[in-house]
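Below: the structure, in structure tokens.
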Amino acid sequence: MSLPVEALARYSDLHPKLSYEKFHYGTAGFRMAGSLLDSVMFRVGVLAAIRSKRLEGKTIGVMVTASHNPPVDNGVKLVDPRGEMLEASWERHATVLANTTSTDEFIDAVDKLVKTYKINLDHPANVLYARDTRPSGVELVAALEDGLKAMGANGRNEGVQTTPILHYLVRCVNTKGTPEAYGEDTVEGYIKSTADAFKKLIAGKPAPPPLVVDCANGVGYVALKQFAEYLGPAITFIPMNNDLENAAALNSDAGADYVKTNQKFPPSIAPVLAPGQRACSLDGDADRLIYYYLNSRKQFRLLDGDKIAALVAGFITDLVKGAGLEGQIDVGLVQTAYANGASTKYLEKRLPVACVPTGVKHLHRAALRYGVGVYFEANGHGTVVFSPATYEVLASYQPSTPTQATYLEYLNLLPKLINQTIGDALSDMLLVEAVLAHKHYTALEWDSIYIDLPNRLLKVVVPNRNIFQTEDAERRLVHPEGMQKLIDDHVKKFESGRAFVRPSGTENVVRVYAEASDQGQADQIALKIAGIIYDETGGDPFERPGEFL
Ligand code: G16
């Protein structure tokens, strides 16, 4: 079969590129105002089909979401056959195709891609896709489908789903009938197997107290309802921010990003929490999870991705030791520069810790190097991955005592509870609740594992964020020249001061992170650096004047 040039041209003409727009496949795919993405979606459809053919018909996933971004934004990312993020080298191809300026140029670029990889177009193309609750998703999915039609690809539309469910389904479809079969390739199958593993893991433990879940007015609420059905009395949820009718409500004064960035309760949650009661927030596509609670002094306390990582890594390390598998299974942790310095200090004393650039794909890759790799970004993205060697050890190990056998049983349940393709806020939430039940921890006890250094996160709108280039896992700037020295000179004036600047991959801003021994100092560092960026680039230090973001 040759490239279907006529169909490509016909469909491509229906989705012309806006001449002024520059697209970039960033941290989490393409992401910007939904109204600008029509041509991108069509081209992503074509690219997904080509990638599938390249992989001899393996199913490729496409998720239409802008996650934590405001409701007017939308986005799209591709998922590789194992449910992981698109291979890095193909991100460049996505960017190239999205930026071709005419149908002819687009078809030439597609042709070049096919020839470069010597892709046999006779292979079938299979693409599984879903979208979040954003209204713009409807038309964008239609554009994506035109891309699939142009290539004669088979599409499987999963409708409105969370991002982690899409990733899971892709892996299940591709491993079906193989020794690596990951599970039943249905949403129901996923929910049921995850819920079953949770119920087994907490059998005999005190039932967790009712949990307030902020659904960010997004698709996470749909999945939470499904989970609740299968979990029955094992755990009770109090869903909040579950308005799916009002599109403008998505992520508005709600959700994991709101809580983490503002370091405060979503306004709707504060009045319903009793002191000590835990609550958690999902984000717009339910792949981030942040916990928090009200302490006895009626203050907000954050339990972010770092605290989740410490809790989970500690639990797994205990299980490995308890089962007598120390030395046979190595547990490691992966963080980014955003990890609170206190968490890194605490964790480094207990297990190997790696630091990588922001973006799930980087953390995931690094975590695969361990027997059990735990990774969490401070913003609540994360999961645990088990290596093939670990699966083998768990399957063949003969425990010597009943206690070891019990720990082994718990270890064997974890891979069934955890979505290993990408972090799922909901399965992560069940994991946290199971660990807390095992450890008999209250929110306060969990919080006390280590004490966070006060910190501040700001965003600065700059004329061109692409001039910001980093090194050392984004901890230092190499460009604009001289800016890192200005930052260093300022930060060294503060005890325990640490700060870094990096361009966002999902928003048109530069992010500033600062931490120090007290909040006033962390704020001072962050503000000063925002000022430096402003002076050097002519940026706007605040997206909304006077407010920390
Ligand atoms: C995406 C990525 C995350 C990243 C976040 C913020 O999350 O998947 O790994 O931490 O963007 O990235 P940046 O600081 O580059 O904007 P999400 O939840 O928005 O898809």
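Each position is counted from 1, following the chain as shown.
Every residue gets a Cβ built from N, Cα and C, even glycine.
Sequence-distant contacts of the domain 'Alpha-D-phosphohexomutase alpha/beta/alpha' (58-91) (same chain, at least 6 residues past either end, Cβ-Cβ under 8 Å): 25, 28-35, 37, 40-41, 44-45, 47-49, 51-52, 125-132, 134, 136-137, 140-141, 144, 156, 163, 166-171, 173-175, 182, 247-252, 255-257, 283-285, 287-288, 360-361, 364, 420-422, 506-507. Sequence annotations record features per position, and here TrEMBL assigns domain 'Alpha-D-phosphohexomutase alpha/beta/alpha' to 58-91 (among others).
Annotation for Ser67 (active site, phosphoserine intermediate): spatial neighbours Ala28, Arg31, Gly75, Asp132, Thr163, Asp283, Gly284, Asp285, Asp287, Arg288, Thr506, criterion Cβ-Cβ under 8 Å with sequence separation of six or more. Under the DSSP three-state reduction, Ser67 (active site, phosphoserine intermediate) is assigned to coil, being neither helix nor strand. As annotated by TrEMBL, active site, phosphoserine intermediate applies to Ser67.
Residues annotated as Mg(2+) binding site in TrEMBL: Ser67, Asp283, Asp285, Asp287. The Cβ neighbour count for Asp283 (Mg(2+) binding site), using a 10 Å radius and every protein chain shown, is 33.
DSSP states for the domain 'Alpha-D-phosphohexomutase alpha/beta/alpha' (100-177), grouped as helix (H, G, I), strand (E, B) and coil, give 43 helix, 13 strand, 22 coil. The domain 'Alpha-D-phosphohexomutase alpha/beta/alpha' feature in TrEMBL is assigned to 100-177 (among others).
Per TrEMBL, domain 'Phosphoacetylglucosamine mutase AMG1' is recorded for 208-289 (among others).
Positions annotated as domain 'Phosphoacetylglucosamine mutase AMG1' by TrEMBL: 304-441 (among others).
TrEMBL lists Glu377, Ala378, Asn379, Arg502, Pro503, Ser504, Gly505, Thr506, Arg511 with the feature substrate binding site. Within 10 Å of the Cβ of Arg511 (substrate binding site) there are 22 other Cβ atoms, across all protein chains. DSSP classifies Arg511 (substrate binding site) as strand under the three-state reduction.
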| task | Fewest other Cβ atoms within 10 Å: which of the binding-site residues Pro503, Gly505 wins that one? Let me know. | result | Gly505
| Widest Cα span across the substrate binders Glu377, Ala378, Asn379, Arg502, Pro503, Ser504, Gly505, Thr506, Arg511, in Å? | 17
| note | Those binding-site residues among Asp285, Glu377, Asn379, Pro503, Gly505 lining ligand 1, judged by a Cβ under 6 Å from any of its atoms, are Glu377, Asn379, Gly505
| field | For the domain 'Phosphoacetylglucosamine mutase AMG1' (304-441), residues assigned helix / strand / coil by DSSP | value | 74 helix, 18 strand, 46 coil
